[in-house]
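Q: Take this structure first; my questions come after.
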Amino acid sequence: MLLQSQLPNSLALAPVLVLALTALLLLVVDSIDPDSTNSAALAGISVVGALTSLGFAGWFLSAGTGQVSTGGGISLYGEALVVDGMALFFMAIFASVTAMVAIGSYDYLRGKPHQAEFYTLVMFAATGMGLMAAANSLATAFVALELASLPSYALVAFLKKNRGSVEAGLKYFLIGAVSSAVFVFGISLVYAATGSMVFSDVAEALNGTEFVGVAGLGVLMIAGGFAFKTASVPFHFWAPEAYEGAPAPISAFLSSASKAAGFAVAFRVFTEAFALSAIPAGIDWVLLFQILAVVTMTLGNFAAATQENVKRMLAYSSIGHAGYALIGLAALSAGSAQNGNVMGASMAHLLVYGFMNTGAFLFIALTEHWDIGRRFEDFNGLGSQAPVACAAMTVFMFSLAGLPPFGGFFSKYFLFAGAIGAGFWWLAAVGAVNSALSLFYYSRVVKAIWIEDPSGEFQITSKPIGLYAAVMIAALGTLVLLPGFGPVIEMAQTAATALFA
Amino acid sequence: MVPAEWYLLLAAAVFCIGLIGILTRRNALLFLMSVELMLNAANINFVAFSYQWGNVTGQTFGLFTMALAAAEVAIGIGIILVLYRNFDDIDVTKATTMRW
Amino acid sequence: MAAFDYAPAIVLLPFLSFLVSVGVAVSGRDLLPKGGALPGIAATAGSFLLSVWMFLTVSGGQYYDETIYTWAAVEGSFELTFGLLIDPLSAMMLVIVTLIATLVHVFSLGYMNDDGQTGLPRYYAGLGLFTASMLGFVVADNLLMAFMFFELVGLCSYLLIGFWFREAGPPSAAKKAFLVTRFGDYFFLIGVVAVFATFGTSQFAGAEAFPVLAEEVLLGEASANTFGFAPQTWFTIVGLLVLGGVVGKSAQFPLHTWLPDAMEGPTPVSALIHAATMVAAGVYLVARMYGFYALTPTTLAIIAFIGGFTALFAATMGVVKREIKQVLAYSTISQYGYMMLALGSGGYIAATFHLMTHAFFKALLFLGAGSVIIAMHHNEDMWDMGNLKEKMPVTYATFLAGSLALAGIFPFSGFWSKDEVLYEALVHGLGGLGGGEAEGALLLGAWAMGLLAVFFTGFYTFRMVFLTFHGESRSDTARNPHGVGWNVKGPLAVLGVLAVVAGFVNMVPVAKLTGAEIEFLHKWLEHGPAGLTSEHYTELTHEFAHYTAGTLAGGELGTALISGGVSLALALAGVGLAHVLYNVPEPTEHTDKLGGIKTLLYNNYYQDEYQVWLATGLTLPVSRAADKFDQGVVDGVVNGVSSVSLFSGSRVKQLQTGVVSNYAMLLTLGLTVLLVVFGLLGGWF
């Protein structure tokens, strides 16, 4: 009630609006001063915008905007968008990642052309992600997803003279185009079966529908669209190349924020539109996600274990983490009281993941800045040259592997415990086995950094302040999320439980 | 009145044609065109079932899809352009520096 | 209650001296006069005075049972605490331990300092910690705390036995002592866990103490988790588990093998180990939780039998030893066997009595032996001695007093206590036999062995005395021994007096004969906190183990006199035989007359050999097999899993061909497969 009584409802979307305005502001700057290479100003505007967005999201979250305690989700624009606890939670993730990426890009882009465009695209993509989290209709979901995707394609191919970057962009774009075609075709089938796009109406129409086949096909294809966005099997093929070839800050952005956005919209679509209570028995999407979760985490981790290139290893590990997060959808069952806990745990894991994975990729950005190579051997003995950054990287690696006492431990713990609590102990078991395997390849990085002797001569001459700051913020976030995990998981689980009400 | 199933079949056929185009064509531009076919298959559904259900949601969304398809092509052409600059070809199977 | 406020200081003072000495030892400089002996003496003397104060307070009828610190608590389940229990038993033990520790510290001045030993701060640090651990063990008010200090005692013995770590023998002996006692302690630890699991507490005293709970369970007034066994059976198992630690520490058969080797340590340490600390800890533990053991007749019978057997077994081995300290070592094993025999026969007071007298005369004998060793320039072979009584009269007089006590000659202290031990075993054996109990026969068997051991004790003790002090000097050092100072003679004198008079506190036969009220120890142990009195224990053994007193001719008095007379006669016979064989100017070795038994005895019944065989012949192959299993099967599976994972990983990533058309193909295939599967499952077509 607090916020609704003081501000107009449309301002509930402020975290997203701020991002969009920042993007427009950057365009204005660019048109006033084309080809500006004033990185500080551009990055500054982006960071301020992202932090403002984060501030709004945090304020709204703590004020209880759109949550059950203040009267439930705020629905806007004829139910096209809804702002509730989950939307705000994900907006906070996107804003945090965007801020870190913007800080890190300051050094990464130094001396490169088209910086204004870069930041503009990042902000637009973040806007799209925020809208994905708030989408309450298949139409807005699709538009928001495209708004997040299209700038991403361009961003991946941003290094126009770098073959890797261009190739990554091409693959990302082509698979993305096919996926969005599949996605939109799925929407059209659901529309064909239900005659509506708004989630609640879709659920209503699906309840007892006679077009089970058409609707089921549509649900499957829509799930495919989300699988693309979250880099889940079998729509994951773009991810290793895109993450490897893209500028490292963009890899961080895509693998953390973009993935979380895919989950945000998937969570809402599958709990609101295709709610288990309404969906015909013939459309067993829980089984679908169980298969996808197991295959995705296994494939991601197994492929990561044999990589020689650290950045590509992180790309595969990102696929593996998508598998873990999918447990949030795979461990649901109709009417179970545990549903909110499982999905909340998945959301919390995505938040922690947003910090630790962004940090890891930003560390890669740091090594690319130093130009020391991407293979494990190239990292040998780095610890003696850049101990602070390497300590942060160690935190990221162990946290990604889920070792205590890092943030990743608790989020995985709650995720697996939630799955067990919901009766899906085997999902937790597969997750745990995969986590154990993941320790193998994460610790390879740590071993190379600290234990191995330097194989080649390299001298680190510069300490880029932006990248360092971004890595430190990510490390701090990963560590702070350990003691601060209590409120986070509580907030996430409350927000998720509201979806099932 | 044409039964609804026919529209579905038509849309599915167009979608599959697009999909087969993607699987067989190596030219990036043809790849793009095939994607357009798939998107338009969806549009057929939207328009047809908008008529069936008697609301304009589908038709409106069809317009959205077209706009988005245009935007997608714009980005796609851009990427194909830099692809050509870097690989001297727009054969999508040529860009294979990263794998496994 | 003011006195008890200072009770923790008894433990903390020696610990403080340990810290001081460690600090000095670490600093590596000679900061303290006498290498740290003075703080040790001050601390133990302070503890002694405090203990006496406690003793007097306890005589006033006040007891102390207080939890000092709770270091772990599980809500509604159990608590792990440190606490103090000061009752007549622990108060008496405190006085004994602190007194002997003080004397040992003083004696060390003569044995270590005057001898110019190096590493003295380390030595005194060890002594301090050793004393502190034993005192902590004595005042422990629960089994877990007792176990922790029990282990500390073991650690200290390891450090002190291996004090001369540069020589070959001591480190190996230290390791042996540590490992053998540790073997017993494993069982003890399991026993502690079992006590917690069964009763949820390990307190010795109070209404919620585990012996009390066990009693109530047996009476059907309470219930406890007995893991599917009958309560009696389960309590027997728990009792035997704890007994494992006792057998190890008190050097009972078959875990006695570490003790003779432990003679490698400095002699004052041996005195401390044998008289007051480590070896006493085992027997003290049984006495401490006697309320629990008294409930299970099987355990009691086993304790008694082990005790009787060990008494005889060790005494026979002491007969042929050449080195003075070796004789004493076997006598220790044998004497602790008597205490176990007493405990097993329901003679709680007798055991405590013997524990006390033994502490005095064994400390005396070790210090006396130490004095001889100083004089002999660290030559311990008795065949190189002879006629030392002329050269060292004080040592001779006190040593003789100790020997008479050890041999059990009237009226020295050992006579009274050993007599009471045998008396208890006899009457309860007879009573059991009369009542038709199987344990009765076992007790009588144990008694017979104990009785026979008296003869051997008399023999080996006086063989040692005659060889050392009588006859002609058999070496140059013996003819011209090194003198000893006041710091050696002083402790000897104190202990010599005690060895003579300590037995007078409890002259049971005299009391029975005259009717005088002179059984002071009986009276002392009869009072105490509820459930910890000797009267209560007698009731328990009577009620649960069906111990009743039987008699020989002449009723109670007659039996007492007969028992005392027989054991005295046997002891005198042993002494007489030693006199005939060895109290001659130039004694010769008579061991050859023993024939094959000689070899057997020299080799200590091959106990070490069979234990070494157990270790190398049995345990090692089993360990090797386990290692094979670990390396082959477990590691094999682990390695297999890892290589399979990496292999499948390298296969999986082959999907990623780098060609985007293939991706589209795989994507379509995946979607189609899902579509078909779910279509069929959901009946979409």
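Any Cβ shown, glycine's included, is placed from N, Cα and C.
Among the features that TrEMBL reports, domain 'NADH-Ubiquinone oxidoreductase (complex I) chain 5 N-terminal' is placed at C:71-123. According to TrEMBL, the domain 'NADH:quinone oxidoreductase/Mrp antiporter transmembrane' annotation covers C:140-426. Residues annotated as transmembrane segment in TrEMBL: C:6-26, C:38-56, C:89-111, C:123-140, C:146-165, C:186-207, C:269-287, C:327-349, C:355-375, C:446-469, C:490-511, C:560-584 (among others).
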Q: Mean pLDDT for the domain 'NADH-Ubiquinone oxidoreductase (complex I) chain 5 N-terminal' (C:71-123), as a whole number?
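A: Mean pLDDT for the domain 'NADH-Ubiquinone oxidoreductase (complex I) chain 5 N-terminal' (C:71-123): 82.
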Q: Below 8 angstroms Cβ to Cβ, which residues of this chain, lying six or more residues outside the transmembrane segment (C:327-349), approach it?
A: 246, 250-253, 256, 259-260, 262-263, 270, 274, 279, 282-283, 286-287, 290, 293-294, 300-315, 317-318, 321, 355, 358, 362, 365-366, 369, 382, 406, 418, 420-421, 423-425, 428-429, 443, 446-447, 450, 453, 456-457, 460-461, 463-464, 506, 521-522, 525, 534, 537-538, 541, 545, 547
Q: Can you tell me which recorded stretch out of C:6-26, C:38-56, C:89-111, C:446-469, C:490-511 has the most Cβ pairs within less than 8 Å of the transmembrane segment (C:560-584)?
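A: Checked against C:6-26, C:38-56, C:89-111, C:446-469, C:490-511; highest Cβ contact count belongs to C:446-469.
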Q: Which range wins on Cβ pairs under 8 Å with the transmembrane segment (C:6-26): C:38-56, C:446-469, C:490-511?
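A: That would be C:38-56.
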Q: For the domain 'NADH-Ubiquinone oxidoreductase (complex I) chain 5 N-terminal' (C:71-123), how many residues does DSSP put in helix, in strand and in coil?
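A: Counting residues per DSSP class in the domain 'NADH-Ubiquinone oxidoreductase (complex I) chain 5 N-terminal' (C:71-123), I get 30 helix, 13 strand, 10 coil.
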